[in-house]
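Q: Pasting a structure here, questions to come.
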Amino acid sequence: MTTTTQSEQDRVIIFDTTLRDGEQCPGATMTFEEKLNVARMLDDMGVDVIEAGYPFASDGDFEAVHEIAKRSKNSVICGLSRAAHKDIDRCAEAIKPAERGRIHTFLSTSPVHMKYKLQMEAAQVYEMVISSVTRARNHTDDVEWSAEDATRTEFDFLCRCIEAAIKAGATTINLPDTVGYAVPEEYRELFRKVRETVPNSDKARFSVHCHNDLGMAVANSMAGVAGGARQIECTINGIGERAGNAALEEVVMAMRVRQDKLPYWNRIETTMLTHASKTVSAATSFPVQYNKAIVGRNAFAHESGIHQDGMIKNAQTYEIMTPETVGVKGTSLVMGKHSGRAGLIHKMEELGYKLSRNQIEDVFVRFKALADRKKDVYDEDIEALVDEQLLHGQDQIKLMSLTVIAGTHGPQRATMKLDVDGQIRIEEAEGNGPVDAVFNCIKALVPHDAKLELYQVHAVTEGTDAQAEVSVRLSHEGRSMTARAADPDTLVASAKAYLGALNKIVAKRQRSVREDAPTVAVAG
């Protein structure tokens, strides 16, 4: 957050594109409810601009952007659009309910993109820049234009396009490092030279959008700001296409911790960063790497004796920020089988969750069941319970019961009962091991041709009674769907995770039946 002594000139707008560029990451597809949940969290956290999706891509994307626009209280709601007029008009319709809406239109400007992707001459691209921005400006005063693959674009042509876009009404100019090719010094110089060369550059805010292909997305983002950009486009956990995007939590904390070298400020409530990371991880079923900066499990862990000794004497010996600054409060052992509804509600609020009365009741029932099986219920256990309720509460296929017979000799056999859209089904199946038997049972109960791409297990907490958290990724018709589930029984968690991915496939198929939009390429 900021103080009254900080100038508006040094403010950096945080533009979150988790719901658009982040969701383009293979396997990271989110359901409608998951998108609403993530958007609400971003809005509460102080994100200035939420790029909520690509309305022309599908009816599902349109509906999500439209609903987020209706519900947002603080953030500008932005929709992405190609340079085509029909895309822009659809985007305008999607963001219409927003108190403050933005249209973000883009066009490739690099020689390789113009020749092979657009198959257009530079003169045609130049005219389309003017046409698209003008069209968008007819709908809203807040228009962003992106020169896709700006870092591989000829400088003179880039400046001409930027000047034309600003003259046509663009209020934000984004120069994305689409393929993660730039290095910090040249990216800083690009912004400095563009702002120095383009005669009307003072009429627009400049923006960075960096991909992490060479591991320099955050460094490049900060370099762009040093060169004069005042908007950073980023995603929670750095998710995105290929190697991902600049991570929101990293750019925000870089500005917070290194004010001596990065004298800029933003409006993000940093104590929500860890919760935001976990929310997006749960929605996408993408685990956060243990050594991830700021929000990783080991970000504030110290194992070596020398480090521990230093921490005991003075935390500043090995910590450049406090865990509390980013919302890490440490694991607590206060919850158990004697805890009541009020205690659970308080704990969930402490962890950053806001649930409806029905959702609270469902979580409480499962919490009591877990507490009967587990001596201590950690914060991570409660987060797993809540995430499962939020992500799988509306599933059409639900696990009712599971029995597995396994041993060193003889067949591994699973018996399962499912509720499939209100219909109870029971089946028994064998497999090459208990997990294989469980998955074969699901295939027998719900016939499908999805292929298993990933099966991963790790413990939510420590100890032999820890919940197992299982991630499953299924591939179907060229799309990957990932789901995650937790349970003290690894096989139950495995079944729930598999069913979670299958439910996403079912939901996607149902949306596809209703949709009749062409497949479209999106900006990076």
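Here the Cβ of each residue, glycine as well, is placed from N, Cα and C on the backbone.
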Q: Can you tell which of Asp16, Asp21, Asp436 Swiss-Prot lists as binding Mn(2+) with His209, His211, Asn245?
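A: That Mn(2+) site, as Swiss-Prot gives it, pairs His209, His211, Asn245 with Asp21.
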Q: Please report the three-state DSSP label of Asp21 (Mn(2+) binding site).
A: coil
Q: Kindly report the helix/strand/coil residue split of the region 'Regulatory domain' (398-524) according to DSSP, in that order.
A: 37 helix, 53 strand, 37 coil
Q: What is the Cβ neighbour count of Asp21 (Mn(2+) binding site) at a 10 Å cut-off, with all protein chains included?
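A: So the number of other Cβ atoms within 10 Å of Asp21 (Mn(2+) binding site) is 26.
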Q: Using all protein chains shown, find which of the binding-site residues His209, His211 scores highest when you count other CB atoms within 10 A of its CB.
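A: Top count of Cβ atoms within 10 Å goes to His209.
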Q: If I take every residue in the domain 'Pyruvate carboxyltransferase' (12-274) and average their pLDDT values, what number comes out?
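A: Here the mean pLDDT over the domain 'Pyruvate carboxyltransferase' (12-274) amounts to 97.
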